[in-house]
Every structure is written in C-alpha cells, then in structure tokens.
Amino acid sequence: MTVPQERIEIRNIDPGTNPTRFARGWHCIGLAKDFRDGKPHQVKVFGTDLVVFADTAGKLHVLDAFCRHMGGNLARGEIKGDTIACPFHDWRWNGQGRCEAVPYARRTPKLGRTKAWTTMERNGVLFVWHCPQGSEPTPELAIPEIEGYEDGQWSDWTWTTIHVEGSHCREIVDNVVDMAHFFYVHFQMPEYFKNVFDGHIAGQHMRSYGRDDIKTGVQMDLPEAQTISDAFYYGPSFMLDTIYTVSEGTTIESKLINCHYPVTNNSFVLQFGTIVKKIEGMSEEQAAEMATMFTDGLEEQFAQDIEIWKHKSRIENPLLTEEDGPVYQLRRWYNQFYVDLEDVTPDMTQRFEFEVDTSRALESWHKEVEENLAGTAE
C-alpha cells in the first residue's frame with residue numbers, strides 16, 4: 001500500500017438542504033384566459049392547494065381549496081354567480097373569502113371566512129402573492145407592463161407547462177449567471193454576458209449566436225441569427241426577457257416569460273411562453289407561427305436543463321472560475337426572498353454589476369466547433 005507523504009486536501013460537496021419555507025413575492029400561476037372557462041381550477045402551490053375561479057364580471061379570485069365547513073374540495077365544485085360552491089354541501093364562498101350562503105340553513109355563519117389570496121393580472125397572466133409573514137405587496141414590486149400588449153401590437157402567448165420533480169426552484173435561478181452552460185447545454189455561443197442585481201431585480205444581458213456544429217431549435221430555422229437578450233427576474237420566480245433576433249437584415253422582437261412556482265420544497269411547476277411583436281407586413285398567422293417556433297425552441301432548451309437537474313447534486317459550495325460569473329452574489333440576492341423582511345441585509349439588495357470576460361471561453365469554443373466540423377467533413 002502506498003501512502004502519500006503529503007495528504008492532498010479534498011474538496012467535498014456541501015449539499016445543504018432545501019429551504020422549508022417558500023419564497024416571498026409574486027408568483028405566476030398561468031395564463032389568465034385559461035382560468036376563465038367557467039370552471040374552478042385547482043393549483044397545488046406553496047405546499048397547499050388553491051382554487052381559482054372567475055366571477056360574473058370575469059375577475060379572477062384565488063381561495064384556499066378546501067371548504068372550511070367539512071373540508072370539501074372547492075375545485076371540484078361549481079361556480080354559481082359570483083361564488084364557488086362546495087360539492088359536499090353547497091356552501092357558497094365569494095372571491096373575498098366570505099361564506100355568502102348555506103342554502104339548506106336558516107343562517108350563514110358570521111365567522112364563515114376562508115383565505116383569499118392577493119392576486120394581480122398583468123400582460124395576460126395571473127399572479128398570486130405569497131409571504132410567510134402575511135405582508136402585502138408594495139407598488140414597486142409590481143410586474144412591469146409590456147408596452148403595446150393591450151393594443152394588439154403583439155401575438156397571443158404560446159405557453160408550455162412542465163412539472164419538475166426532485167429539484168428546488170433555485171436550480172433554474174442559478175442559470176441567471178451561468179454563461180458557460182449556454183454553450184455546453186443549449187448549444188449557443190455567448191459573446192457578451194453581464195449580470196446586474198439591484199433590489200428585488202436580477203438582470204442578465206447576453207449577446208449570442210448558435211453553434212455552427214450543432215443546430216437545434218430556432219437555429220434550424222434561422223441558422224445565422226444573432227440573439228440579443230435582456231432578461232430580468234422581478235422577484236424570486238418571474239423572468240421577463242426582451243429578445244431581438246437579427247437575421248438577414250430583419251430584426252424580430254419577442255418577449256419571453258420564464259417563470260415557476262413551488263409545489264413542495266423539492267418540486268416546482270415550470271412555465272414559459274413567447275409573444276412576438278408584429279412588424280409591417282407580418283400577418284397575425286405569421287406572428288403566431290414565429291411565437292410557436294420560439295417557444296418550441298425554449299421547450300427543447302428547458303428539457304436539456306431538466307435532464308441536468310434530475311441527475312445533479314444540490315451544492316452550496318460550488319468551486320468557481322472567473323468565467324463562471326457571480327454565483328455567490330446571485331444566491332445572496334435570492335436569499336432575500338427566503339428570510340423575514342426585517343432580516344434582509346444590504347448585501348442581498350445592493351446594486352452589483354459583473355461582466356464576464358468571454359475571450360478565453362470563445363477561443364476554446366471556436367476551436368472545439370472547428371474540430372467538430374472538421375471531423376464531420378472527413
């Protein structure tokens with residue numbers, strides 16, 4: 001047996017543990033129009049169950065799903081007027097969480113209240129506010145409006161929903177600073193990559209091309225396209241990305257939503273969608289086709305991410321190079337949503353900017369692509 005004279009210190013992975021609480025902030029639970037079909041909808045989120053329904057004016061409401069009478073599931077009930085009726089005993093609950101009627105009883109219990117969740121509808125999607133302390137959202141936390149969305153300047157949303165098991169939401173948020181994974185996982189060539197953190201907002205600015213040796217998604221349809229992406233997380237779970245796709249002298253502007261909400265502390269629902277801004281000469285059908293093409297490409301990319309998450313370890317102490325970006329700063333920023341408001345510290349919210357020097361990475365990547373192309377040509 002050979003015993004080394006000097007023991008080399010081995011770096012071990014600290015997997016840590018997932019937070020037991022759910023993030024404070026606005027969480028998108030889906031397209032608003034999907035909840036306006038005259039039926040109640042059950043949403044599993046934040047370790048509980050909610051029911052979403054529309055009243056006669058079309059306003060969406062979100063309540064705890066289980067009736068305070070005998071625990072019936074309101075999502076299995078029926079919308080009656082401006083109330084949701086329990087399928088068990090027909091108790092009627094309005095959008096503010098008050099019991100309005102018990103049809104078989106002489107009186108309605110004065111203490112008949114259930115939890116009504118704070119909601120916001122913006123850009124055609126529905127948000128629910130969550131805070132473990134019970135605080136209400138302040139105006140500066142509102143999701144920004146997309147200019148021209150209400151005026152018909154954009155296509156309709158294309159939308160995809162995927163349930164991710166065995167991973168915490170932080171896995172997808174880590175992608176905000178992960179420049180290198182765009183090359184290895186998504187087959188893109190990032191030429192410029194910068195992060196900006198400020199308050200509750202985290203930004204990612206990227207300029208990229210597709211790889212010449214591997215064509216997937218949008219690259220199949222627009223092989224020479226340059227992608228200019230300015231993406232911002234508004235809080236812990238909702239990203240709005242403005243993307244300019246430049247190809248053959250034409251610039252196409254699109255908006256990407258990349259959002260998620262936690263189901264448990266080890267599973268979440270990932271949702272994403274695209275709208276395309278209509279340009280002169282572009283028909284409604286062409287704009288819709290373009291949005292579908294972009295969303296199909298996103299679905300392929302997220303499938304690549306999910307395959308990584310399914311088989312990786314959670315890691316609290318990643319070993320990094322300068323080109324890996326500000327991972328630890330991102331996580332400090334992200335932690336502000338998992339502590340009480342009074343425990344948010346300046347290093348979680350102060351402005352922080354970091355631009356990755358991509359020169360060494362590009363040198364290596366261009367060489368790898370050239371070698372792959374040469375091997376294919378043989």
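Cβ atoms are placed via backbone N, Cα and C, with glycine included.
In Swiss-Prot this protein carries:
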type	residues	note
DOMAIN	26-128	domain 'Rieske'
BINDING	CYS67, HIS69, CYS86, HIS89	[2Fe-2S] cluster binding site
BINDING	ASN175, HIS181, HIS186, ASP305	Fe cation binding site
- Query: Between ASP305 (Fe cation binding site) and HIS69 ([2Fe-2S] cluster binding site), what is the CA-CA distance rounded to a whole number of Å?
  - Reply: 43
- ASP305 (Fe cation binding site): secondary structure state under DSSP, collapsed to three categories: helix
- Could you measure between HIS186 (Fe cation binding site) and CYS86 ([2Fe-2S] cluster binding site) for me? Cα positions, answer in whole angstrom. 46
- Residues within 8 Å of the CYS67, HIS69, CYS86, HIS89 Cβ centre (excluding the [2Fe-2S] cluster site residues themselves): ARG68, MET70, GLY71, GLY72, LEU74, PHE88, ASP90, TRP91
- Task: List the helix, strand and coil residue totals of the domain 'Rieske' (26-128) as derived from DSSP.
- Result: 7 helix, 48 strand, 48 coil
- In the structure shown, which of the binding-site residues HIS69, HIS89, HIS186 has the fewest other Cβ atoms within 10 Å? HIS89
- Item | Under 8 Å by Cβ from HIS181 (Fe cation binding site), counting only residues of that chain that are 6 or more apart | ASN175, ILE308
